[in-house]
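Below: the structure, in structure tokens.
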Amino acid sequence: MVHPKLGRVMNVVYYHSVVFALMSTTLRIRSCRKCLRLEKVSRAYTTYSFFVGIFLFLNLYFMVPRIMEEGYMKYNIVLQWNFFVTLFLRAIAVMSCYGTLWLKRHEIIQLYKYSLIYWKRFGQIMKAIVDKKELLDLQASLARIMVRKIILLYSAFLCSTVMQYQLLSVINQQILLAFCARLTHILHLLCVKMGFFGVLVLLNHQFLVIHLAINALHGRQARKKWKALRSVADMHLKTLRLARRIFDMFDIANATVFINMFMTAINILYHAVQYSNSTIKSNGYGIVFGNGLIVFNFWGTLALMEMLDRVVTSCNNTGQQLRQLSDLPKVGSKMQRELDVFTMQLRRNRLVYKICGIVELDKPACLNYIGSILSNVIILMQFDLRRQRQPIKDRQYLLHLIKNKTKM
């Protein structure tokens with residue numbers, strides 16, 4: 001049972017992933033029966049995925065305009081190095097993304113099959129336990145959240161497009177080719193983040209459905225309650241393992257996405273500094289879209305962190321929902337045994353998201369992430385101050401030499 005709004009939003013996410021070949025195989029969506037099936041794994045889509053990856057990688061060459069000879073980067077070594085570092089990180093992101101899809105293709109297809117089997121199996125269980133209205137209300141709220149994320153991503157893309165067009169010093173074939181190549185890579189990163197948002201929304205949906213199922217057990221008959229609780233405990237364990245499997249499989253690809261987001265935020269803020277001290281000329285539209293780009297970029301970063309934290313929290317806070325069943329006055333022996341087993345399962349299995357198994361991504365890590373961005377921008381600003389002071393010192397030195405010659 002899927003709310004029509006959530007189904008339509010997830011279709012948008014799916015087709016974005018298909019266009020940029022972010023799927024190992026396609027899905028057959030039958031809206032009339034409201035079911036999903038794997039398409040027969042074809043060589044055509046695999047070949048298409050290969051050509052899309054090669055196209056994006058070769059596009060990096062065309063992203064480099066003649067910045068040393070013309071344009072706003074001509075006299076700013078910091079902007080030039082930032083640009084080349086960003087280019088290098090984009091190359092790593094493309095290789096890690098499509099390398100994961102090609103090298104782990106069979107594992108990802110097996111993950112698709114397992115996810116579909118899991119969804120059908122526990123969908124029937126939840127249909128028998130959870131109230132239909134509560135389930136549809138939950139799915140409608142998640143659909144609204146996903147729509148807001150998509151609007152947020154495309155708002156940042158619009159502002160970035162306008163700002164990059166304004167930064168073009170001259171309009172010729174080479175500059176326009178570099179401009180289109182940059183937009184292609186920005187769209188690719190947008191689709192990757194949209195797919196990540198979609199996966200997180202589905203995982204959050206499953207954990208919140210488990211919460212609804214536990215709350216629904218209060219009104220069930222005692223002789224059937226322990227069987228339903230066993231099914232809910234099994235669903236929670238399978239969902240937890242599914243989340244870990246997804247995080248582990250796409251660990252490197254997601255890590256490169258976070259690194260690119262980090263470098264993009266630094267570039268945006270450093271460009272904002274250049275606009276503020278009039279190093280880069282701008283107009284009213286540039287100010288509006290530039291401020292919008294800063295807001296939407298940081299908003300999108302925080303939204304991704306918040307969605308990830310919501311998934312982890314909804315999984316690990318299942319024990320609080322389970323305490324409501326433990327507080328019931330009359331609990332049978334079978335029910336108590338299932339409660340004890342479920343409680344022990346929750347204590348032993350907690351969901352944690354770590355980047356490459358090193359950095360745990362939670363709310364304190366998010367604050368450190370934002371703080372690191374600001375710290376790096378402040379460091380880059382010191383180079384600007386040094387470059388601005390150097391001509392003054394040279395001028396003072398020349399005046400001093402002139403005065404000495406006149407005295408002689």
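Keep in mind that glycine also has a Cβ here, set from the backbone N, Cα and C atoms.
Feature list (source: TrEMBL):
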- 12-29: transmembrane segment (TRANSMEM)
- 41-63: transmembrane segment (TRANSMEM)
- 83-103: transmembrane segment (TRANSMEM)
- 151-175: transmembrane segment (TRANSMEM)
- 195-217: transmembrane segment (TRANSMEM)
- 252-273: transmembrane segment (TRANSMEM)
- 285-304: transmembrane segment (TRANSMEM)
Cβ under 8 Å to the transmembrane segment (41-63), counting only same-chain residues 6 or more beyond its ends: which ones? 20-21, 23-26, 87, 90-91, 94-95, 97-98, 101-102, 105, 109, 177-178, 181-182, 184-185, 188
Counting Cβ pairs under 8 Å that sit 6 or more residues apart, are there three or more between the transmembrane segment (195-217) and the transmembrane segment (12-29)? yes
Cβ pairs under 8 Å between the transmembrane segment (151-175) and the transmembrane segment (12-29), at least three: no
Please work out which recorded stretch in 83-103, 252-273, 285-304 has the most C-beta pairs separated by under 8 angstroms from the transmembrane segment (12-29)? 83-103
For the transmembrane segment (83-103), distant same-chain residues with Cβ under 8 A (at least six beyond the ends): 21-24, 49-50, 52-53, 56-57, 60, 63-64, 67, 73, 185, 188-189, 192, 249-250, 252-253, 255-257, 259-260, 263-264, 267
